[in-house]
Amino acid sequence: MASGKERGELNTLAFDMGEQVNDQPGETAGKTRGSSRVAEDDRNKPVYSVTDVPPWYLCIILAFQHYLTAFGGIIAVPLILSEGLCLQHDSLTQSRLINSMFFVCGLSTVLQVTFGIRLPILQGSTFALVTPTMAMLSTPEWKCPAWTQNASIVNTSSPVYIEEWQTRLRALQGSIMVASLLQILLGFSGLIGFLMRFIGPLTIAPTVSLIGLSLYDAAGAKAGSHWGIAAMTTMLIILFSQYLRLIPVPLPAYSKIKGLHSSKFLIFQIMPILLGVAVSWLICYLLTISDVLPSDPAQYGHLGRTDVMGNAVTDASWFTLPYPGQWGTPTVSLAGVIGIMAGIICSIAESVGDYHACARLSGAPPPPKHAISRGIGIEGLGSLLAGAFGTGNGTTSFSENVAALGITKVGSRTVILLSGVFMIFLGMLGKFGAIFTTIPTPVIGGMFLVMFGVITAAGIANLQSTDMNSSRNIFVFGFSMFSAIAIPNWIGKNPNFIDTGVKEVDQVLHVLLTTHMFIGGFFGCLLDNTAPGTKRERGLLTWNKMDPEDSNTLETEEVYDPPFGITSFLSSRSWARYIPFCPWKGHTSQHKSDSNMSQSQGNEGIHCERSELALV
C-alpha cells in the first residue's frame, strides 16, 4: 500500500496536456483498466483520502466550499431562535448570534479534526436542540411580551428590551452548558465505546438514512419558494458531479519547474456544489437587477431575489470578536436542561452514524472505539463552548458536509481543518459573512435536494456488509425505517396526546418521539440485538474488522491516533490501556499477531473473537 505522500502524488488533479484522465491516476489504474470490476471500484475511491494533502490552492477552494455548504444550516438556527428570544426585529443582534455560531463551529471543527475523531468532519449547529429550545422558550415563564412583537415600538437600544432577550439567552446558554456535560461524560468515560458493541450496520443504516429523509420538509419548503430556480441548481450540481466529473478543464497553473503554464483540472469533480450554487446565484442576481423576479414579498418567487436580505450587509459590523459570557452570567433552567439532554442523545446517535459514513466516504477504516469516544467527548466540549459563547445552540457533526465528501471524492482532513480556520476568521468579519445571506432561498433548497439524498444513500450503503437476503434483516431495517417516519408524523399531528402532568417529562417524550433518527436507531438497535441472527448475517464480521480487500479503504487505523507525538508517548505507558479515549499500540500489536495466527490456522471464529477484543 502506498504512503500518504505517494498517494497524494498519484491522486493530484493537475496534469499536463496529453496525459490520461482517470479517477486513480498512475500505474495502478493502467494495470486494472482491463477489469471492469476493478475499474468500477476505482470510481468509488476518494481522490484524496484522509491523510492526503491537496495543493494549497485546492485546499483553499475546497475549504471555502465546505464553509458555503454549512452556511445555510448554521445560519438557519439563530434565525429560527430569534423569535423565541424576542429578537425577530433586531437584525444587529441576529448578526452577532450568527457570527458567534460560526466562530464556535470553527473552534469545534479544529478541535475535532486535531484531537477528536480525526476524520474530515465539520462541526456545525445542531437542529436536535432546536425543538427542546423552542419548547422551553414557549412556556409562560419565557413567552415574549406583546410589545416586543411590534416592530414600530421596539427600541433595540433600550435597556429594558436588551434585558428581555438577554435574560432568555442567558438561561438558554446555561442549560446548554449543563446538558453538554452529559455528552462529555459519555464520550471521555468510554461509555460510548461500550455501547458500540451493540451498534452494528442495522442500527447505523436507519439512523444515517433518516438524517436525510427527515429533512425532506425543510428541503421542499426552500425549493418550493421557486421550483424553477431550485431545479436549475439541482440539475447543475448533478451535471457537474455526475456527467462532467471526468472532463478536464484547462486552467493556469504554476510550478517551480515549469513556471506559469496551462494544466488540466477535474474541476467539476472537485467543486460541483460550489459551481452549481455560484452559477445559480449569479443567474438570480441577473434576474433581480432586471426585475424579472417579483419585488412584492407576497408574490411567488420573491425569495429568489438576491436583495431580500440586503439590509443584513448594511447593518452588520466590519469586525466583531465573540467571547464567553458576552450576554452576561449564564443561568440554568431545569426544564431546559432536561429537554436539551434529550436532544443531545439524538445528536450523539446522529454523530456516530456520521462518523461511519464519513470514514466510508473518505477512504478510512471503520472508526475504533477510542476514536469514537474522543469524537463524542470533543463534540460535548464544543457544545459547552457554544453555550459559554451564548450562541443559543450546541455543535454536532454536520451531515451536509459528510454528503459533500461523497460528491467531491475529497476526504482530506486538511481541507476540513482549513475550513474550521475559515469559520473562526469569518466569524469575526460581520460584513463578509452577511454577504452570503443574499443566497436565494430556492438555491439553498436545490442544493439540499442533492445533499440530503446523498446522506440517505450513504446510510443505506452500510447494509452492504449484511445479508439482505435474510428475512430477519429485511424486517429489522424495514420496521425501523417505517416506524421512524410514521410515529413522528402522528405525534406532530397530535401534539396534545402526550400529557403526563409533568411538563419536563412531556417535553422529553415529545422530543424523543418526534425525532426520526432516535426512533429508527432505537428500533434498529433493539431488534438487531434481540432477534436471533448470526454475526455474519448481521454484518458484524465485516463491521468489526478492517477488510484489506475493500478497495475504498486506503488507510489504516493509525489515522485516528492523536497527533504531536501523543500516541508515541502513550504506546510506552501500560496505564494507557485503562484510558478509554486513548489508543494503545500494545493492543494493536497483539491484534495483528492474533489475526495472522488465526489466518494460518483457518480458524475464522477465533479470529473474529479476537478482532472484537482488540476494539474494546
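Backbone N, Cα and C define each Cβ position, glycine as well.
Per TrEMBL, region 'Disordered' is recorded for 1-41.
Under the heading transmembrane segment, TrEMBL lists 55-81 (among others).
Tertiary neighbourhood of the transmembrane segment (101-121): same-chain residues 50, 70, 74-75, 77-78, 322, 354-355, 358-359, 362, 364, 367, 371-372, 374-375, 377-379, 381-382, 385-386, 389, 391, 393, 395, 397-398, 401-402, 405, 411-413, 415-417, 419-428, 433, 559-563, selected by CB-CB distance under 8 Å and a gap of 6+ residues from either end. The feature transmembrane segment is assigned by TrEMBL to 101-121 (among others).
Long-range Cβ contacts of the transmembrane segment (176-195) within its own chain (Cβ-Cβ under 8 Å, at least 6 residues beyond either end) map to 129, 330, 332, 336-337, 340-341, 343-344, 347-348, 352, 369-370, 372-381, 383-384, 386-388, 392-394, 580-581, 616. Sequence annotations record features per position, and here TrEMBL assigns transmembrane segment to 176-195 (among others).
What TrEMBL lists as transmembrane segment is 225-244 (among others).
Taken from TrEMBL, the feature transmembrane segment applies to 265-288 (among others).
What TrEMBL lists as transmembrane segment is 332-352 (among others). For the transmembrane segment (332-352), the list of distant contacts is 126, 128-133, 135-136, 139, 171-172, 174-176, 178-180, 182-183, 186, 192, 196, 199, 204, 207, 211, 372, 375-376, 379-380, 383, 394, 396-397, 399, 503-504, 507-508, 511-512, 515, 517-518, 521: same-chain residues at least six beyond its ends, Cβ to Cβ under 8 Å.
Summarising the annotation, TrEMBL assigns transmembrane segment to 415-437 (among others).
The transmembrane segment feature in TrEMBL is assigned to 443-461 (among others).
The transmembrane segment annotation in TrEMBL covers 473-491 (among others). Here the transmembrane segment (473-491) has long-range neighbours at 202, 205-206, 209-210, 213-214, 463, 466-467, 497-498, 510, 513-517, 519-521, 523-524, 527-528, 531, 533, 537-538, meaning same-chain residues at least 6 beyond its ends whose C-beta is under 8 angstroms from one of its own.
The transmembrane segment annotation in TrEMBL covers 511-531 (among others). Listed by sequence, the residues of this chain that lie at least six past the ends of the transmembrane segment (511-531) yet keep a Cβ under 8 A from its Cβ atoms are 128, 131-132, 135, 198-200, 202-207, 209-211, 213-214, 339, 342-343, 345-346, 349-350, 353, 472, 475-477, 479-481, 483-485, 487-488, 491-492, 498, 538.
Between the transmembrane segment (225-244) and the stretches 55-81, 265-288, 415-437, 443-461, Cβ pairs under 8 Å are most numerous for 265-288. Tallying C-beta pairs under 8 angstroms between the transmembrane segment (443-461) and each of 55-81, 265-288, 415-437 places 265-288 first. Within the same chain, residues 12-14, 87, 94, 97-98, 101-102, 105, 122, 124-127, 130, 133-134, 137, 270-271, 273-274, 277, 391-393, 398, 400-401, 404, 408, 410, 412, 414-416, 418-419, 421-423, 426, 436-437, 439, 444, 447-448, 451 sit at least 6 positions outside the transmembrane segment (55-81) and bring their C-beta atoms closer than 8 Å to a C-beta of that stretch.
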